[in-house]
Amino acid sequence: MASHHHFSVIKGSKVLMVGAGGIGCELLKTLALSGFQDIHIIDMDTIEVSNLNRQFLFRQSHVGQSKARVARDAVLKFRPEISITPYHANVKDPNFDVDFYKQFNVVLNGLDNLDARRHVNRLCLAADVPLVESGTTGFLGQVTVHVKGKTECYECQPKPAPKTYPVCTITSTPSKFVHCIVWAKELLFAKLFGDKNQENDLNVRSGDAASSSNHVEDVFERRNDEDIDQYGRRIYDHVFGYNIEMALSNEETWKNRNRPKPIYIRDSLHDEPTQQNGNVEKNGGTNDPSSVSAMASLGMKNPQDIWSLKENSKIFLEALKLFFLKREKEVGNLTFDKDDQLAVEFVTAAANIRATSFGIPLHSLFEAKGIAGNIVHAVATTNAIIAGLIVIEAIKVLQNDTKRYRMTYCLEHPSRKMLLMPVEPFEPNKSCYVCSETPLLLEINTHRSKLSEIIEKIVKPKLGMSAPIIMHGAEVLYETGDDLDEDLLASYAAKVDKVLSELNSPITGGSMLTVSDLYQELRCSINIKHREEFDEEKEPDGMVLSGWSQASSVENDGDKSVDHNAGSTSESLTVETEKDSEAEIVSGKKRKLSEVSEDVTPSDAQEIRANKKLEVLDEDDDIVMLDGGDFGISKKKIQSHP
C-alpha cells in the first residue's frame with residue numbers, strides 16, 4: 001500500500017528543476033528513471049567544451065546549444081513517454097513569478113551562483129513551495145531541504161563575501177602563490193592586454209622618466225622604434241627587476257620579512273638570444289585565437305610540469321609576443337579568462353617569476369589555472385550522489401514526511417565508516433529578514449547620504465532585490481518597472497538624488513523604510529539610525545546594515561588584516577568564484593543541533609559530539625574536514641557550483 005502511494009505521489013507531481021549543469025544533468029536523468037512524469041527545467045546557459053567531462057547528457061556536437069533543451073532531448077530518448085518542458089532563460093526573468101512557482105509541488109536547485117539561489121528561495125517562500133537545495137565542490141557536497149515555517153530558509157544563515165586581498169599585500173609583500181596569481185591576473189595581464197588607461201601600482205616611474213616632473217612615461221606603452229622582443233624584455237625587466245628594486249628601497253618594509261630578489265632577463269635567460277625563445281610559426285596555421293599557445297610554440301606539452309625560472313621566462317616572453325602578433329585586435333579589450341590557454345600560460349609564468357623573486361614555491365600550469373579560475377575540479381561521481389540525494393528528499397517532501405527530512409553532507413574522507421552524514425534540518429532563524437520579516441537597522445548619516453546610495457549599496461547588493469520598491473510611510477520613494485510613465489520616472493529620479501533629510505517626507509533618525517521586491521514578493525522593514533561619522537577604512541560604504549549578515553573572511557598577512565564583511569573597496573582586489581568552478585564554500589555561523597539524526601548510530605553521535613565540526617583547513621584551498629565541537633554537530637556549509 002505504501003509502495004503504491006509512493007509511486008502515485010511521484011507520478012502525480014509537477015517538478016521544477018533550476019539548472020541543467022553538472023548536478024542538473026544527473027538530476028534530470030535520476031528523476032526520469034525514478035518515475036517522475038512532469039518535469040520543467042530552467043537554464044540560461046549554452047553548452048561549452050569544458051562541460052563535457054561531467055555533464056554526460058551533452059556531446060561535442062551540442063556545443064553552443066541550450067543546456068535545458070539538449071538535456072530534455074537526451075532524456076526523452078530513453079524515457080519518451082514523460083513530459084519535460086525546457087526554458088532557455090534566466091530564472092530571474094519576470095515571467096517566472098510567484099504564480100509560475102505555485103504550479104509546482106517541489107523546486108529542485110542545481111544552481112551555480114548565490115544571487116540566483118537567493119531569488120529562487122524567496123519565490124519559493126512567497127509561493128509556499130518546498131525547495132531542495134544542493135551543491136558540490138570536488139568530493140564534497142550537500143543537499144538541504146527548505147520548507148516554509150518548518151525548516152530554515154536558504155538565507156537564514158549568512159553567505160560568504162568574495163575573497164578579497166589588500167592591494168598593499170598583492171603589490172608589495174606577497175607571501176602566498178595566490179597573491180602572485182592575483183597580481184599577474186588582475187594587475188599585469190590587465191595592464192598589458194586590457195584597458196591601457198587604467199592606473200595601477202605597476203606603472204611606477206622608471207629611471208629614464210624620473211627627470212621629468214610634468215610628464216611620467218607610461219612604461220607599458222610600446223615605443224615606435226621597438227620590436228616586440230625588445231618590448232617584452234623591457235616589460236620583464238621593469239616588473240620583475242626595477243619594481244622589486246624600488247620596493248627594496250623602503251628598508252622599513254623588510255625589517256621582519258624576507259627580502260625579495262630582483263630578477264632581470266639577463267639573469268633568467270643568461271643573455272640567450274630572443275630568436276631561440278620560440279617558433280611563432282607553430283601557431284601560424286590556425287585562425288582560432290583560443291588555440292594559440294606559447295607552450296606549443298616552445299614544444300612544451302605537460303601542463304603538470306613545474307617550470308624552471310628559465311622556462312617561465314621563455315613562456316612569459318613567448319605568450320606576450322603571441323598576443324601582439326596573433327591576437328593584436330583583442331589587445332586593449334582583454335580580460336582574463338580561465339579557458340583562454342594563452343592567458344593562463346602568461347599568468348602562470350608571470351606568477352611563477354614573481355614567486356621566485358619572493359621565495360614562494362612554484363606551481364604548475366594545471367595548479368595555477370585552478371587558482372586563477374578559482375576552480376575546484378569537478379568530480380562527476382559527487383554530482384551523481386548529490387542528484388540521488390535530491391530525489392530522495394524530494395520524495396519525502398512530496399509525501400509530506402516531515403520527520404524524515406534530512407540535510408545530508410557528502411564527505412571526502414569516511415567518518416566512522418560513513419561518507420554520507422545526514423542531520424536533521426534546522427528550525428527557521430527568527431532573526432532572518434527573509435522568512436521571519438525581522439526589521440533591519442541601517443546606521444547612516446541622513447544629512448549627507450542620498451537615497452540612491454541606499455539603493456546601490458544596500459538594497460540591491462546586500463538584500464538581493466532586483467526590482468525594489470521603497471516606501472516611507474505611505475509615500476513611494478522609488479520603484480522600477482516597464483509600465484511606469486515618464487513623469488513618474490522623472491519624479492523618482494529627482495527623489496533618489498536628494499539627501500535623505502531633504503526629501504519631501506524627510507528620512508531622519510527613527511524613520512522606517514519599507515522595501516519590497518516586485519518579482520520576489522519579498523517585503524522587509526529598515527529602521528534608520530542617524531550617525532555622524534564612519535571609519536573610511538572599516539566602513540567604506542559610509543553606512544552599516546545590521547540584521548543582514550555575510551560571513552566574514554579575513555586575510556591575515558603579518559600585522560595587517562582585512563575584514564571582508566566590510567565589503568571590497570578601492571584598496572583591495574576581489575576574487576570572484578567563476579561560474580564553471582563548481583566551488584563556493586559558504587562558511588555560515590556554526591549552530592548546534594538539538595539532536596543527531598537517527599541515521600547516525602549512538603557511537604557515531606558520541607564521537608561527532610566530542611570531536612567533530614566542519615572546518616576549512618587552508619584558506620588557499622577549498623578543503624573541508626571535520627574537527628571539535630560542543631554537544632552537537634556544528635558545520636560550515638558547502639554551497640557550490642553544479
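Along the chain as shown, the residues are counted starting at 1.
Every residue gets a Cβ built from N, Cα and C, even glycine.
Here TrEMBL flags Cys168 as active site, glycyl thioester intermediate. Sequence annotations record features per position, and here TrEMBL assigns ATP binding site to 19-24, Asp43, 51-54, Lys67, 112-117. Among the features that TrEMBL reports, Zn(2+) binding site is placed at Cys153, Cys156, Cys432, Cys435. Positions annotated as region 'Disordered' by TrEMBL: 269-289, 551-604.
Within 10 Å of the C-beta atom of Cys432 (Zn(2+) binding site) sit 18 other C-beta atoms, taking all shown protein chains into account. For the pair the residue listed as 'active site, glycyl thioester intermediate' and Asp115 (ATP binding site), the Cα-Cα distance reads 30 Å.
A separation of roughly 22 Å, to the nearest angstrom, links the Cα atoms of Asp112 (ATP binding site) and Cys435 (Zn(2+) binding site). Counting every protein chain shown, the Cβ of Asp115 (ATP binding site) has 12 other Cβ atoms within 10 Å.
When the Cα of Cys156 (Zn(2+) binding site) is compared against those of the binding-site residues Gly19, Gly22, Asp115, the shortest separation belongs to Asp115. Cα of Asp43 (ATP binding site) to Cα of Cys432 (Zn(2+) binding site): a span of 28 Å. With the fewest other C-beta atoms within 10 Å around its C-beta, Cys168 stands out among the recorded positions Cys153, Cys156, Cys168, Cys435. With Cys432 (Zn(2+) binding site) as the anchor, the candidate binding-site residues are Gly19, Gly22, Asp115, and the one with the nearest CA is Asp115.
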